[in-house]
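In TrEMBL this protein carries:
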TRANSMEM  21-48  transmembrane segment
DOMAIN    27-509  domain 'Major facilitator superfamily (MFS) profile'
TRANSMEM  68-91  transmembrane segment
TRANSMEM  103-122  transmembrane segment
TRANSMEM  167-196  transmembrane segment
TRANSMEM  216-235  transmembrane segment
TRANSMEM  298-316  transmembrane segment
TRANSMEM  353-373  transmembrane segment
TRANSMEM  380-400  transmembrane segment
TRANSMEM  406-423  transmembrane segment
TRANSMEM  444-467  transmembrane segment
TRANSMEM  487-505  transmembrane segment
REGION    512-539  region 'Disordered'
COMPBIAS  515-526  compositional bias 'Acidic residues'
Amino acid sequence: MARQEQQHLQVLSALDAAKTQWYHFTAIVVAGMGFFTDAYDLFCISLVTKLLGRIYYTDLAKENPGSLPPNVAAAVNGVAFCGTLAGQLFFGWLGDKLGRKSVYGMTLLMMVICSIASGLSFSNTPTSVMATLCFFRFWLGFGIGGDYPLSATIMSEYANKKTRGAFIAAVFAMQGFGILAGGIVTLIISSAFRAGFPAPAYQDDRAGSTVRQADYVWRIILMLGAAPALLTYYWRMKMPETARYTALVAKNAKQAAADMSKVLQVEIQEEQDKLEEMVTRNSSSFGLFSRQFARRHGLHLVGTATTWFLLDIAFYSQNLFQKDIFTSINWIPKAKTMSAMEEVFRIARAQTLIALCGTVPGYWFTVFLIDVVGRFAIQLLGFFMMTVFMLGLAVPYHHWTTKGNHIGFVVMYAFTFFFANFGPNSTTFIVPAEIFPARLRSTCHGISAAAGKAGAIVGSFGFLYAAQDPHKPDAGYKPGIGVRNSLFVLAGCNLLGFICTFLVPESKGKSLEEMSGEAEDDDDEMAGGGGAAVRPQTA
């Protein structure tokens with residue numbers, strides 16, 4: 001350990017030991033507003049899909065208002081995830097090649113442009129409108145994807161080792177406020193349009209239940225996602241490149257020391273000779289597909305990718321389709337008993353309540369406790385409790401769907417979200433930014449995040465079909481296994497996530513170089529048997 005400390009660059013030691021300062025909070029806000037925008041853009045579509053069905057697919061000859069055909073609903077809900085997955089892989093790799101800062105602005109501009117373009121999806125036919133919307137939401141997702149590895153990596157490389165987990169968690173916690181903001185914005189806009197353009201229920205007046213002005217509602221909601229990203233663009237461009245990238249990847253100790261001297265407001269020696277000596281001594285220039293990486297970090301990457309994949313199957317299938325679950329337990333009335341604006345209002349109210357009671361608190365429990373309890377324990381607890389509450393919903397499902405028990409269902413449902421966010425939904429984002437070498441950190445985080453989005457695609461596409469009633473499926477759908485059996489499947493995913501957590505190391509209180517093995521030289525590695533830098537948990 002003493003030898004590692006001696007060969008540690010002063011600029012990196014200064015960052016590890018720095019007291020919490022104003023620049024930490026600035027970095028949290030600048031990176032966090034990107035995540036606020038990400039969450040708003042990804043989840044607001046679920047608030048308006050019922051409205052899109054009414055506007056573009058209503059057949060007045062039918063008893064019930066229109067809904068999106070299965071293939072269109074799957075595309076509208078899932079296409080942004082496909083873009084996000086691609087963006088996570090591409091921008092994660094690019095962040096290690098060009099630097100975190102230079103790529104950071106690209107992702108934000110793409111999000112702003114595509115948010116606005118999504119709301120401007122005009123055409124003459126419903127199919128053309130949906131196709132245009134899906135095109136822009138794919139590229140919106142592509143930009144959002146880049147924000148995952150870059151925000152996490154930048155925050156981890158700026159933070160001190162004592163409170164690094166809390167800082168990264170605080171960035172990710174802005175996702176909760178983004179989900180909440182989406183619900184609140186939708187409540188405000190739908191309320192304004194309900195008051196300004198009153199309409200009867202569909203069963204009373206089929207044509208009049210969806211007013212012409214309703215077409216503006218979903219467009220305004222989607223376009224407002226550009227606002228927070230646009231506001232933070234200037235501050236993103238002012239942030240200096242992280243010292244760890246500049247020193248360890250770009251090999252420019254002088255620039256790293258100069259940048260961090262301004263940020264930390266202390267004098268830091270540049271130590272270029274020491275850096276060159278470290279590079280000569282430590283041949284840790286192995287690539288992602290090398291045997292050395294597989295030996296040191298292979299199990300770590302498997303662990304971070306599989307746990308994120310399994311978590312997101314459960315998390316996104318619930319979050320995107322909770323409006324369908326609320327309808328199935330009669331918490332939201334039948335569509336034909338409401339006007340279009342009333343349906344939007346009720347869906348937004350239900351999702352806002354879940355966000356307020358279950359989603360947002362869970363994130364901030366993680367912020368306050370992660371550097372006390374540790375990542376490993378929080379992730380295990382989260383997966384375990386999610387399994388318990390999913391089974392608590394599924395086993396007595398018929399009890400929850402009977403009249404008078406709906407509030408109990410909502411409380412149980414909120415607890416599953418609480419333990420997702422005070423658990424693996426936060427830790428799977430944090431750990432990949434801490435345990436891999438600087439030159440591969442963004443790439444490995446992008447791979448882990450992409451595995452998560454693959455899980456989100458499975459959850460969001462699969463749940464559309466799987467949750468269908470086996471006897472009375474919705475129009476256009478084949479019979480599925482039902483909501484109850486789907487909850488059993490999700491509980492199984494959470495249990496697998498619990499098991500895979502044992503592949504992921506604990507990084508609490510350790511420097512990034514200690515976790516990644518960059519503080520070791522070749523002699524240290526040979527003495528240790530050439531194993532992983534930090535081994536997975538076994539207890």
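In case you wondered, yes, glycine gets a Cβ from its N, Cα and C as well.
In TrEMBL, annotation is done automatically, which means it is predicted and not curated.
Model, not experiment: these values are computed from the prediction.
Annotation: stretch 353-373 has the most Cβ pairs under 8 Å to the transmembrane segment (406-423), among 216-235, 298-316, 353-373, 380-400.
Note: the stretches the transmembrane segment (353-373) and the transmembrane segment (487-505) are not in contact (fewer than 3 CB pairs below 8 A, sequence gap of 6 or more). For the transmembrane segment (444-467), the partner stretch with the highest count of Cβ pairs under 8 angstroms, out of 21-48, 68-91, 103-122, is 68-91. By the Cβ criterion (under 8 Å, sequence separation of 6 or more), the transmembrane segment (103-122) is not in contact with the transmembrane segment (298-316), since fewer than 3 such pairs are found.
Against the transmembrane segment (21-48), stretch 167-196 shows more Cβ pairs under 8 Å than any other of 68-91, 167-196, 298-316, 380-400, 487-505. The transmembrane segment (487-505) and the transmembrane segment (298-316) are in contact, since at least 3 Cβ pairs between them lie under 8 Å (pairs 6 or more apart in sequence). Same-chain neighbours of the transmembrane segment (68-91): 41-42, 45-46, 49, 52-53, 56-57, 103, 106-107, 130, 133-134, 137-150, 316, 320, 442, 446-447, 449-450, 453-454, 456-457, 460-461, 464-465, 476-477, counting only residues six or more beyond its ends whose CB sits under 8 Å from a CB of the stretch. Listed as Cβ neighbours of the transmembrane segment (380-400) (distance under 8 Å, sequence separation of 6 or more from its ends, same chain) are residues 307, 311, 314, 329, 406, 408-409, 412-413, 415-416, 419-420, 422-425, 427, 483-485, 487-488, 490-491, 494-495, 497-498, 501. Sequence-distant contacts of the transmembrane segment (167-196) (same chain, at least 6 residues past either end, Cβ-Cβ under 8 Å): 24, 27-28, 31-33, 35-40, 43-44, 47-48, 151-152, 155-156, 158-159, 211, 213-214, 216-217, 220-221, 224, 319, 339, 341-342, 344-345, 347-349, 351-352, 355-356, 359-360, 362-364, 366-367, 370, 421, 426, 429-430, 433-434.
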